[in-house]
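Heads up, the thing below is written out as structure tokens.
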Amino acid sequence: MTSNFSQPVVQLCYEDVNGSCIETPYSPGSRVILYTAFSFGSLLAVFGNLLVMTSVLHFKQLHSPTNFLIASLACADFLVGVTVMLFSMVRTVESCWYFGAKFCTLHSCCDVAFCYSSVLHLCFICIDRYIVVTDPLVYATKFTVSVSGICISVSWILPLTYSGAVFYTGVNDDGLEELVSALNCVGGCQIIVSQGWVLIDFLLFFIPTLVMIILYSKIFLIAKQQAIKIETTSSKVESSSESYKIRVAKRERKAAKTLGVTVLAFVISWLPYTVDILIDAFMGFLTPAYIYEICCWSAYYNSAMNPLIYALFYPWFRKAIKLILSGDVLKASSSTISLFLE
């Protein structure tokens, strides 16, 4: 006698390989939507941040300690788009990892390294803005290009060293050998991190973020006081030098506001992922795959948001984009073009 009920067909990532992961693909319509959304975010992260780097490095008027930090931050976000988002897009939509175990480790290493690099960049930018707002007279001597270069070096060397040491020595899953063995399959890229290392990761994210929030709270209070002072004195201004100082003060306040929005966007984007992996490590890795992917892509999309924030708040960036896209940037004298409306 034959049964009228057939067993559901199990799809595998690699049909002809023993120990292959199970594939749980989306419907064709959902796949198109997801690929479109993720491709847009990836391309924006790559080309948007490429525009930021080109603008700062090409136009001499933008050669300042703060802008060099912004360009370096854009480089970290650019690398997220190139080395992380494009491959994560395939993993998310296809529910399989087709790029090999070695590249899975490299992918995870880059993911963590560039995240912490962004945190440190933003933290140093906060310190820079705090100095320029609280002590503008000595800012030029305190936060020089050399100091900015040291901050940039630290923002790259520490995260790359930490991430490489964790993932390439295997200490991330010490004590979780049974769980790793149970979850291990061909076509998967799920990095397991022990509770101790997850807690360290959380603190590495939380402490600099807390410092940034405290600094920007002070910055905005001071900027508000300066705004009141400017409104009071602007009507009494007679000399062109005083008028120039007021314009510069307004520009610095706007820069502080823009970078504050950047920090807020970073915290909102990365907090769900950071909290999720912290809870997951102490609850037995029970987070559903779709929740984990939502948290991941919320964090990834932060790399695409910064160029949009700059375009929205910085007139000089919009002007630089026009010059780059029009080809005027190729002219011999383009690097000396004035980008500020003064």
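Here the Cβ of each residue, glycine as well, is placed from N, Cα and C on the backbone.
Worth saying up front: this structure is predicted, and the values here are computed from it rather than measured.
Annotation source Swiss-Prot lists disulfide bond at C21-C185 (among others). Around C185 (disulfide bond), the C-beta neighbours below 8 angstroms that are at least 6 residues distant in the chain are C13, G19, S20, C21, I22. Following the DSSP three-state reduction, the secondary structure of C185 (disulfide bond) is coil.
Per Swiss-Prot, disulfide bond is recorded for C104-C189 (among others). Remark: C189 (disulfide bond) has R91, W97, F99, A101, C104, H107, S108 as non-local neighbours, by Cβ distance under 8 Å and separation of at least 6 in sequence.
Residues annotated as N-linked glycosylation site in Swiss-Prot: N4 (among others).
The local packing around N18 (N-linked glycosylation site), expressed as other Cβ atoms within 10 Å of its Cβ over all shown chains, amounts to 8. What Swiss-Prot records for N18 (among others) is N-linked glycosylation site.
Taken from Swiss-Prot, the feature topological domain 'Extracellular' applies to 1-31 (among others), supported by sequence analysis.
Feature annotation from Swiss-Prot assigns topological domain 'Cytoplasmic' to 53-67 (among others); the stated evidence is sequence analysis. Averaged across the topological domain 'Cytoplasmic' (53-67), pLDDT in this predicted model comes to 92.
As annotated by Swiss-Prot, topological domain 'Extracellular' applies to 89-111 (among others), with the evidence given as sequence analysis.
The feature topological domain 'Cytoplasmic' is assigned by Swiss-Prot to 133-146 (among others).
Positions annotated as topological domain 'Extracellular' by Swiss-Prot: 168-195 (among others).
Per Swiss-Prot, topological domain 'Cytoplasmic' is recorded for 217-258 (among others), and the stated evidence type is sequence analysis.
Swiss-Prot lists 302-342 (among others) with the feature topological domain 'Cytoplasmic'. Outside the topological domain 'Cytoplasmic' (302-342) by six or more residues, the chain places 41-42, 44-45, 48-49, 51-52, 54-55, 58-62, 70, 73-74, 76-78, 80-81, 85, 118, 244, 247, 251, 254, 257-258, 261-262, 265-266, 269-270 with a CB less than 8 A from a CB of the stretch.
Feature annotation from Swiss-Prot assigns transmembrane segment to 32-52 (among others); the stated evidence is sequence analysis.
Per Swiss-Prot, transmembrane segment is recorded for 68-88 (among others), and the stated evidence type is sequence analysis.
Per Swiss-Prot, the feature transmembrane segment maps to 112-132 (among others); the stated evidence is sequence analysis. Residues 65-66, 69-70, 72-73, 76-77, 79-80, 83-84, 139, 142-143, 148, 151-152, 154-156, 158-160, 162-164, 166-167, 201, 204-205, 208-209, 211-212, 215-216, 218-219, 252, 255-256, 259, 262-263, 266, 270, 299, 302-303 of the same chain sit 6 or more residues outside the transmembrane segment (112-132) yet have a Cβ under 8 Å from a Cβ within it.
For 147-167 (among others), the entry in Swiss-Prot reads transmembrane segment, with the evidence type sequence analysis. Among residues of the same chain six or more beyond the transmembrane segment (147-167), those with a C-beta under 8 A of the stretch's C-beta atoms are 65-66, 68-69, 72, 76, 105, 108-110, 112-117, 120-121, 124, 128, 191, 197, 204.
According to Swiss-Prot, the feature transmembrane segment maps to 196-216 (among others).
Most Cβ pairs within less than 8 Å of the transmembrane segment (32-52), among stretches 68-88, 196-216, 281-301, belong to 68-88. In the shown protein chains, 18 other C-beta atoms lie within 10 A of the C-beta of C104 (disulfide bond). Note on the topological domain 'Extracellular' (168-195): residues 12-14, 17-23, 91, 96-99, 101, 104-105, 107-109, 201, 277, 281-282, 285 of its chain, located 6 or more positions outside it, place their CB under 8 angstroms from a CB of the stretch. Within the same chain, residues 13, 21, 23-26, 31, 34-35, 38-39, 42, 79-80, 83, 163-164, 166-168, 187-189, 191, 289, 293, 296-297 sit at least 6 positions outside the topological domain 'Extracellular' (89-111) and bring their C-beta atoms closer than 8 Å to a C-beta of that stretch. Within 10 Å of the C-beta of C21 (disulfide bond) there are 20 other C-beta atoms, taking all protein chains into account. If one looks beyond the topological domain 'Cytoplasmic' (53-67) by at least 6 residues along the same chain, the residues whose Cβ comes under 8 Å of a Cβ in the stretch are 74-75, 78, 125, 128-129, 132, 143-145, 147-148, 255, 316-317, 320-321, 324, 329, 334-340.
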